[in-house]
Amino acid sequence: MTIAVGRAPQRGWFDVLDDWLKRDRFVFIGWSGLLLLPTAYMAIGGWLTGTTFVTSWYTHGIASSYLEGCNFLTAAVSTPADAMGHSLLLLWGPEAQGDFVRWCQLGGLWAFVALHGAFALIGFMLRQFEIARLVGIRPYNAIAFSGPIAVFVSVFLMYPLGQSSWFFAPSFGVAAIFRFLLFLQGFHNWTLNPFHMMGVAGILGGALLCAIHGATVENTLFEDGEQANTFKAFEPTQEEETYSMVTANRFWSQIFGIAFSNKRWLHFFMLFVPVMGLWTSSIGIIGLALNLRAYDFVSQEIRAAEDPEFETFYTKNILLNEGLRAWMAPADQPHENFVFPEEVLPRGNAL
């Protein structure tokens with residue numbers, strides 16, 4: 001009798017590393033974690049550092065940190081100075097030359113947070129792809145998360161790249177984002193942009209679908225428990241349905257005359273509406289980066305200029321936008337030393 005003794009297959013460093021990264025642990029790392037974890041850590045750390053200690057006096061002429069008296073709503077990591085253009089503002093670059101304090105004064109933390117934040121979001125999407133592949137499910141979670149990534153990249157990176165500098169991107173703060181929204185309206189008439197309209201329809205439509213779906217499921221739960229709390233009657237591993245699709249279909253058929261009869265189509269629609277809203281609004285922001293206009297009703301503006309008694313909601317909004325530009329620009333861009341004489345400031349037809 002012959003006994004054959006096999007040799008154990010050789011395992012290279014890549015196989016060992018792959019096994020370690022994909023090991024079942026409390027916090028899954030994976031290959032995507034090599035991108036996600038360090039970039040997210042640095043982006044969050046940079047934001048906390050900036051909002052706590054770093055002033056915006058040298059970039060925007062304002063206070064923006066807790067150290068200067070701001071609160072959670074008014075603190076921000078502000079965009080770099082307009083003179084920095086589209087520099088990456090590396091700490092060791094020609095602007096800061098390795099001086100950390102100087103780097104913070106110039107707005108280097110904003111570039112640091114924006115770039116690391118973008119890579120962290122991409123890493124999180126790759127994490128969903130990786131785990132979906134390991135679990136054996138389809139990657140629609142990752143596809144859905146491409147919506148927030150598109151918005152972040154278009155607003156914080158693509159828009160300022162189309163403008164003269166990073167200065168015109170939104171700063172990382174609550175009130176700073178609100179200021180950016182007013183800026184978009186005043187300088188781009190953003191609310192009348194069709195891509196903004198599609199974005200609003202997608203986001204609010206997604207919220208409506210979410211509310212309707214949740215309420216309908218709660219309405220049609222099977223009475224399969226004896227306790228008053230229906231949540232305790234559900235088991236994650238149960239084979240039977242927990243609510244009645246047939247009853248839900250009958251209910252909405254009576255309400256609207258039509259209803260979803262296919263759960264798969266229903267849930268795809270709930271995925272499609274908000275994600276398309278995010279994608280379309282991102283496309284619109286890229287249009288704004290290129291200073292593209294949308295829905296300029298010039299005929300109404302000409303008639304309003306000729307006839308003091310003619311005014312529409314559109315012409316009123318145009319006047320409001322002119323006011324935003326005239327009053328906002330001197331405060332928003334103090335380095336330009338804008339001075340608008342009283343006679344050129346916008347006035348409504350009633351004046």
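Every residue gets a Cβ built from N, Cα and C, even glycine.
Positions annotated as transmembrane segment by Swiss-Prot: 39-59, 123-139, 151-164, 206-226, 277-293. Annotation comment: Swiss-Prot describes His116 as chlorophyll a ChlzD2 binding site. Among the features that Swiss-Prot reports, pheophytin a binding site is placed at Gln128, Asn141, with the record citing sequence analysis. Swiss-Prot lists His196 with the feature chlorophyll a PD2 binding site, giving sequence analysis as the kind of evidence. Annotated Fe cation binding site per Swiss-Prot: His213, His267, in sequence order. Taken from Swiss-Prot, the feature plastoquinone binding site applies to His213, Phe260.
Below 8 angstroms of C-beta separation, residues 146-148, 150-151, 153-155, 158-163, 184, 188-190, 193-196, 198-203, 205-206 of the same chain, each at least six residues beyond the ends of the transmembrane segment (277-293), sit close to that stretch. Taking the Cα of His267 (Fe cation binding site) as the reference point, the closest of the binding-site residues Gln128, Asn141, His196 is Asn141. Packing against the transmembrane segment (123-139) from elsewhere in the chain are residues 22, 28, 30-33, 35-37, 39-40, 145-146, 149: each is 6 or more residues past its ends and has a CB under 8 Å from a CB in it. Taking every protein chain shown into account, Gln128, His196, His213, His267 are the binding-site residues, and of these the Cβ with the most other Cβ atoms within 10 Å belongs to His196. The Cβ of Phe260 (plastoquinone binding site) has 18 other Cβ atoms within 10 Å, all protein chains considered. For the binding-site residues shown (His116, Asn141), fewest C-beta neighbours within 10 angstroms: Asn141. Rounded to a whole number, the distance between the Cα atoms of Phe260 (plastoquinone binding site) and His213 (Fe cation binding site) is 11 Å. Among the binding-site residues listed here, namely His116, Gln128, Asn141, His196, Asn141 has its C-alpha nearest to that of Phe260 (plastoquinone binding site). Take the Cα of His116 (chlorophyll a ChlzD2 binding site) and measure to each of the binding-site residues Gln128, Asn141, His196: the nearest one is Gln128.
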